[in-house]
Amino acid sequence: MSKLITTEPLKSMAEVISNYAMKQQSVSERNIPKKQSLLRKEITYETEVQTSADSIWNVYSSPDIPRLLRDVLLPGVFEKLDVIAGNGGVGTVLDIAFPLGAVPRRYKEKFVKINHEKRLKEVVMIEGGYLDMGCTFYMDRIHIFEKTPNSCVIESSIIYEVKEEYAGKMAKLITTEPLESMAEVISGYVLKKRLQVFGFEIKPKLRFNLLLCLIICLVIAGGMFVAGVPL
């Protein structure tokens, strides 16, 4: 009987079951979508400005920056730049559109960070734009560094994540040029408005008091001159 009873039937069964399981696993693996590889990129532009860090930051962080960009600093650049949520602070959402032919043509962005202590502002694209062209994340970051009391550096950065197959295409499209233009017009705007006395920049809040003091001094000096009092 020992010669007649063998494990061959069990071996055959195990082999059949094993092959079946391997086939099922193969089918299952084919049905699982492959995880797309993402690349994280960062590009930065820096420019030095001969004015105080606070004066530049006051414009970048201003709740009125959307209107200022649309109507004063970059007139005609935007087809639309509307605040659709918020009041200019963190959480504000902008709906932006450019004239026909611009890339990207339209998108929405959100102010996610405004840190006055660090002079740091971050704005994230939340709809449209590069998000429809292969990017899964896109953010503008503005950081103002004080160099001297009367000079600063504007650091403008773009951080984005893109699907690997679109990386080459997006690298050609995404540049710091828009942020460079913004830094240029904001710097020019501030430099035109600044007031210096003996090489020191006078903050806007002090200008009225300074002007008042100068007027008083002139009035006193004029009165002394009329009265014949030696100056």
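Glycine is treated like the rest: Cβ placed from N, Cα and C.
Non-local contacts of LYS108 (dopamine binding site) by the CB criterion (under 8 A, 6+ apart in sequence, same chain) comprise ILE84, VAL93, LEU94, ASP95, ILE96, MET125, ILE126, GLU127, GLY128, GLY129. Sequence annotations record features per position, and here Swiss-Prot assigns dopamine binding site to TYR107, LYS108, GLU109 based on similarity to another entry.
On its own chain, LYS121 (active site, proton donor) has TYR60, SER61, PHE111, LYS113, ILE114, ASN115, ARG141, ILE142, HIS143 as residues at least 6 apart in sequence with a Cβ closer than 8 Å to its own Cβ. The active site, proton donor annotation in Swiss-Prot covers LYS121 and is backed by similarity to another entry.
Counting only same-chain residues at least 6 apart in sequence, those with a Cβ under 8 Å from the Cβ of ASP140 ((4-hydroxyphenyl)acetaldehyde binding site) are GLU109, GLU122, VAL123, SER156, SER157, ILE158, LEU179. Secondary structure at ASP140 ((4-hydroxyphenyl)acetaldehyde binding site), taken from DSSP and collapsed to helix, strand or coil, is strand. Taken from Swiss-Prot, the feature (4-hydroxyphenyl)acetaldehyde binding site applies to ASP140, supported by similarity to another entry.
What Swiss-Prot lists as transmembrane segment is 210-230, and the listing cites sequence analysis.
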Spatial neighbours, same chain, of TYR107 (dopamine binding site) - Cβ under 8 Å, 6+ residues apart: ILE96, MET125, GLU127, GLY128, GLY129, TYR130, LEU131
Non-site residues, in chain order, whose CB comes within 8 A of the mean position of the CB atoms of TYR107, LYS108, GLU109 at dopamine: VAL93, LEU94, ASP95, ILE96, ARG106, LYS110, MET125, ILE126, GLU127, GLY128, GLY129
